[in-house]
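Single-structure report; data block below.
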C-alpha cells in the first residue's frame, strides 16, 4: 500500500501537480513512517511549491532516519537555501559531500550556497539583474499563448501556477525562484517556442535532484554582411474597390486599438485595455488575438 501511494506521488510530481504529490507521499508516510525516501520525496515537493519550512522539516526527518544517505543532506541544503539560511545550507551540503564526495548535485548546491553566503545582505539590497527571458512574460500575449497551448492551458486552472506567472510578469527576475517548477519551465518553453528537457529519474529514489539554473545563452555573433540584391522594380499598384479600401482602413484602426490596449495593460489600466480590445474586435472580427488579449485582461482581473 505504501509503495502504491509513493508511485502515485512520484507520478503527480513528474506532472507538476505538487499538491497531489504531497498528499500521496503523506498517505505513504502514514503507512510507512520510517521510510526515509518518502520524507525526502515530500521535501522535494514542498520545495517545488516554495514551502521551505515544511521542506526543511521533512529534510531533517530524512537525515534523522538515514544519516549516512547523502541525498538527505541535499534536501536539507536546498531547504536552508530557500529560507536564505546560507551558512546552514553550506554546512548541509558539506556534510553530504563527506558521505559522497563525487555527488555533482551536492557540489552544485554547495557552490550556490557559498555564493549566496558571500553576497550576504549586500545582494538583497542590490537590484536584481535583468532576466534574459523577461520579454517573454510581458503583455497580455503571455496569457493568450498559455491559453492557446494545450499543455499549459490546464495549468491555468491551478491557482498557484497563475500566481507564480503573475509574480514573474510583474518582476521577471522572480523566474529564478521558480526554475524547479516544471510547469513554469513548460510555460517558458511555450512562450519562447523551445522545448526544455525534463528531469530524469534517480537510482535510489523516484524524484531526481534539482538541476542548477541554466546559464544565460551566449550572445550571438554579429551577422556577416550579405550583399543586398539589386532591388526589383516595384509593380504597378492594383486598383482596389471601395469595400476593400474600407476593410483595410478598419484593420489598420483595429491594430492601433490593440496597441493602445497593450499600452494600457502594461500600466495596469485594465478597464481602458478592455475598451480598446473591444473596439478592435468590432473593427476586425477576423483577428482572434483581440479576443485572447481581452480574455487575458479578464483573467488578470480575476474575472
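Just so you know, glycine gets a Cβ as well, placed from its N, Cα and C.
Per TrEMBL, the features are as follows:
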COMPBIAS  109-126  compositional bias 'Low complexity'
COMPBIAS  221-231  compositional bias 'Basic and acidic residues'
COMPBIAS  232-243  compositional bias 'Acidic residues'
COMPBIAS  244-264  compositional bias 'Basic and acidic residues'
DOMAIN    139-178  domain 'STI1'
REGION    109-138  region 'Disordered'
REGION    202-264  region 'Disordered'
REPEAT    2-35  repeat 'TPR'
REPEAT    36-69  repeat 'TPR'
REPEAT    70-103  repeat 'TPR'
REPEAT    254-287  repeat 'TPR'
Per-state residue totals over the repeat 'TPR' (70-103) - DSSP helix, strand, coil: 27 helix, 0 strand, 7 coil
Surrounding residues of the repeat 'TPR' (36-69) on its own chain - C-beta under 8 Å, 6+ positions past either end: 2, 6, 9-10, 13, 18-19, 21-22, 25-26, 28-29, 75-76, 78-80, 82-83, 99, 160, 177-178, 180-182, 204-207, 210
Within the compositional bias 'Basic and acidic residues' (244-264), residues counted as helix, strand or coil by DSSP: 21 helix, 0 strand, 0 coil
